[in-house]
Amino acid sequence: MELQFLGTGAGQPAKHRNVSSLVLKLLDEINEVWMFDCGEGTQRQILETTIKPRKIKKIFITHLHGDHIFGLPGFLSSRAFQASEEQTDLEIYGPVGIKSYVTNSIRISGSKLPYQIHYHEFDDTSMGKILETDKFTVYAERLAHTIFCMGYRVVQKDLEGTLDAEALRAAGVPFGPLFGKVKNGQDIELEDGTKIFAKDFISEPRKGKIITIIGDTRKTSASVRLAKDADVLVHESTYGKGDERMARNHGHSTNMQAAQIARDAGAKRLLLNHVSARFLGRDCRQMEKDAATIFENVKVVRDLEEVII
């Protein structure tokens, strides 16, 4: 499981940062990639990666400001040009209005999509659990931006314990149907009367990962709830230390506020993105140092950076 950041800037493209987009790579888990936001130039950024557009099966939009959605029509159209590859349907999750934006853009531009898009729109009355699959559950809450904006909490369901095949063979169990029974948690008895207890050969279930992705927002308790015990919290940091009033006036957060959210939520790791273009390399290192006085495991991410979860 990996995160890759396609755009980490705020507001408009800059030389060193594109606007908002990131992907959650779930190739080993479900052979899919999930995208979060799709700002202008996202498809160009994808060309610098190993991501295959047809693997992107779900897109989650945090809000309808242009730096988070202006790349969506272009990406959807380019995804359709992959005639040599299997066309797969796509699901888009986001605030009310995202369907109208996409369908009108496709219609007005005369674009044709050879795959279906299934829309899931949300408002204040439909927050909470928004998606559940065999392996993942996704929750959403409203944040505190200048327009309706959502944060997402992706919860991987607990993983089954693994079978210690070598120990089972050493205990005299032949590979075959009996192996399968033990793997499924059944106790068995061998021909010589030896009893094999499945619990002795299967490890304890492993806790699934939690990934929280916070859209544009002022500091809010909703962010703490979404980030509770998260393995990774991705939080916007449009502003730096001392800019709290400006951040509040514009519906954004500082690095220090993001660190407070991570600390209060008990998150394990904080990744700061949506960084203003005025913050360059040295400034970003200072942002990390300042935030680390509140929450130690913090990093300002860069475009195209990959993070293993």
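The backbone N, Cα and C atoms fix where each Cβ goes, glycine too.
The structure displayed is predicted, hence computed values, not measured ones.
As recorded in Swiss-Prot, the features of this protein are as follows:
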ACT_SITE  D67  active site, proton acceptor
BINDING   H63, H65, H145, D216  Zn(2+) 1 binding site
BINDING   D67, H68, D216, H274  Zn(2+) 2 binding site
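Positions of Swiss-Prot features highlighted on the structure.
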residue	record	Cβ contacts under 8 Å, 6 or more apart
H63	Zn(2+) 1 binding site	G94, P95, H145, I147, F148, C149, M150, G215, D216
H65	Zn(2+) 1 binding site	I147, D216
D67	active site, proton acceptor	G9, A10, G11, Q12, V19, S20, G39, E40
H68	Zn(2+) 2 binding site	V19, S20, S21, D37, C38, G39, I61, T62, G215, D216
H274	Zn(2+) 2 binding site	T8, G9, A10, S20, D216, E236, S237, T238, H252
### Query
Just going by other Cβ atoms within 10 Å, which of the binding-site residues H145, D216 has the emptiest spot?
H145
### Summary
For D67 (active site, proton acceptor), the three-state DSSP class is helix
### Query
In the same chain, outside H63, H65, H145, D216, whose C-beta lies within 8 angstroms of the Cβ mean position for the Zn(2+) 1 site?
T62, L64, H68, L143, T146, I147, C149, G215, T217, G251
